[in-house]
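Have a look at the structure below, then the notes.
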Amino acid sequence: MASSSSSRLLFLLSCSVLALLAGAEVHHHEFIVQETPVKRLCKTHNVITVNGQLPGPTLEVREGDTVVINVVNHAQYNVTIHWHGIRQFRTGWADGPEFVTQCPIKPGGSYKYRFTIEGQEGTLWWHAHSSWLRATVYGALIIRPRENKTYPFEKPAREVPLILGEWWDADPIQVIREAQRTGAAPNISDAYTINGQPGDLYNCSKEETTAVPVKPGETALLRFINAALNQELFVSIAQHKMTVVGVDASYTKPFTTSVLMIAPGQTTDVLVTMDQAPTRYYLAARAYDSAQGVAFDNTTTTAVIEYDCGCATDFGPSIPPAFPVLPAFNDTNTATAFAAGIRSPHEVKIPGPVDENLFFTVGVGLFNCEPGQQCGGPNNTRFTASMNNISFVFPQTTSLLHAHYYGIPGVFTTDFPAYPPVQFDYTAQNVPRYLWQPVPATKLYKLKFGSVVQIVLQDTSIVSPENHPIHIHGYDFYILAEGFGNFDPKKDAKKFNYVDPPQRNTVAVPTNGWAVIRFVADNPGVWLMHCHLDVHITWGLAMAFLVEDGYGKLETLEAPPVDLPMC
């Protein structure tokens, strides 16, 4: 075991003392989930927002602070809110995934989320975790250092959250419901957005293009968040270099690049020095799409970096802003090179030895259509997705955490397989058809408190190989290695980075490849692990860990709040 109850107790006690000494604050917010008329792409739609804003409110806190958010649901749909990347030590009831840690907040209902930020600094975000509501229900969560503590890099002249999103010229909930009804893939989005705006390459969008004002010579901290539902994105700024200094609320060794690749769920902090001629420059994002023969939104969203220099400030000048060079949509080499550049800032102590050595396949599959029905998938099938051939089924009458806490039988089992039930050539061009249909089930994997967990995440070429952003709730992890083809423990273990691997909460598993992650199971509760392409979690590309309590109060899940929603 990597941690003992005494060391954990001392850590939490020291955190509590430091919080008192540093004057940690309690932040109270109210989120009203409501329908709001929003005009994009020449049309007005009533979309679900928080407090009538798109994106929603930015939460700004310091490490050690406590956050209390009262979420009131005035919308027509059930809703939950997930605080993406927050560790939620012992406060799993506040994590937010629907039917995992809570039942949804029904229309007319409310729920008060309460949690403390422990040992995290940087950029995270919050979003709905019910159906496809996060298409418009999302916002930034900025964690700054404690008072009298500085960033591990030069203090920026300004900080700007830049949230990448997707926009449907339709109700996203109805888009996914229609896909679930027919078994077909859902309609692709009609635009990408930056801070809620598509940018001036789209119809009826020029005047509202997001602008980032800067001064010549200054350095800005740009906090990128990929909130897109289903698309990894390349990002670049014309004629400007970006220095990456953080990802997923973890600092990194600074490295300079002209292009970012950010998967849904991930965040990337960059420093940009405004050292070019004082005029206007496009900041642009477009798809990185690794799946072969799969439709995707091949448009480009833009914002404008505007030097405060007396140059034109409207969006109709005779000379347009300079445009960046973006990679081709299928440029896996660029995506791979960017991921390889991310490292922890210092040598880290990798947890070990490994207690749980797991191997999970991830990928899309197909269900046979029921007799007498017509289905919209290939050859009259229904799309599905799975981990280790288990297509995850969310309960509907209670949450997994509630069932675990109260010992309610029949909701889940704890026999999720540690390895694929059938071993095969995972990345072969022609995978046998009998492997295409997974088993639908609600299976969890049980972990002892303090156990060291290593997972090989292996993409498969069933239907199509694809880059999968895999997110674990309640945990950060170290990415020890990534590669292509089938993972070979004898050969590929030699590639493990035991010195300065990056720490993240979401890993983009390479298309036709694998990633190896490691973490300590030191947070009791039920924690979802899933693909952050929402179409894939809808199809079942998910599982959950049940982490047992440790010893004593500080290693035990807290009791549920009195206002926890019931199903």
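From the backbone N, Cα and C atoms, a Cβ is placed for every residue, glycine too.
The signal peptide annotation in Swiss-Prot covers 1-24, and the record cites sequence analysis as its basis. Taken from Swiss-Prot, the feature domain 'Plastocyanin-like 1' applies to 32-148. Swiss-Prot lists Asn78, Asn148, Asn187, Asn203, Asn298, Asn330, Asn379, Asn389 with the feature N-linked glycosylation site, giving sequence analysis as the kind of evidence. Positions annotated as Cu cation 1 binding site by Swiss-Prot, on the basis of similarity to another entry: His82, His471. If you look up Swiss-Prot, you'll see His84, His127, His532 marked as Cu cation 2 binding site, on the strength of similarity to another entry. Per Swiss-Prot, Cu cation 3 binding site is recorded for His129, His473, His530, and the stated evidence type is similarity to another entry. According to Swiss-Prot, the domain 'Plastocyanin-like 2' annotation covers 158-310. If you look up Swiss-Prot, you'll see 415-551 marked as domain 'Plastocyanin-like 3'. The Cu cation 4 binding site annotation in Swiss-Prot covers His468, Cys531, His536.
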Mapped DSSP class for Asn379 (N-linked glycosylation site), helix or strand or coil: coil
Nearest of the recorded positions (His127, Asn330, His473, Cys531) to Asn78 (N-linked glycosylation site), judged by Cα-Cα distance: His127
Cu cation 2 site shell beyond His84, His127, His532, criterion: Cβ within 8 Å of Cβ centroid: His82, Trp125, His129, Arg134, Tyr138, Ala227, Pro264, Gly265, His471, Thr506
Residues close to Cu cation 4 site centre defined by His468, Cys531, His536, Cβ within 8 Å: Val362, Ala385, Glu466, Pro469, Ile470, His530, His532, Leu533, Ile537, Leu541
Residues in the domain 'Plastocyanin-like 3' (415-551) grouped by DSSP into helix, strand and remaining coil: 16 helix, 57 strand, 64 coil
Recorded positions near His471 (Cu cation 1 binding site), in sequence order, restricted to His127, His129, Asn379, His532 and a 10 Å Cα cut-off: His532
Inter-residue Cα distance where the pair is His468 (Cu cation 4 binding site) and His127 (Cu cation 2 binding site), in Å: 19
Counts by DSSP class (helix H/G/I, strand E/B, coil) across the domain 'Plastocyanin-like 1' (32-148): 6 helix, 59 strand, 52 coil
Chain-mates of His129, His473, His530 with C-beta within 8 Å of site centroid, Cu cation 3: His82, Asp95, Gly96, Pro97, Val100, His471, Leu528, Met529, Ile537, Ala542
Among Asn148, Asn203, His468, His473, His536, which are recorded as recorded positions, the nearest neighbour of His82 (Cu cation 1 binding site) by Cα: His473
Proximal residue to Asn187 (N-linked glycosylation site) among recorded positions His129, Asn148, His532 (C-alpha distance): His532
Chain-internal residues near His530 (Cu cation 3 binding site), provided their CB is under 8 angstroms and they sit 6+ positions away: Phe392, Ile470, His471, His536, Ile537, Leu541, Ala542, Met543
Between Asn298 (N-linked glycosylation site) and Asn203 (N-linked glycosylation site): CA-CA distance (Å): 15
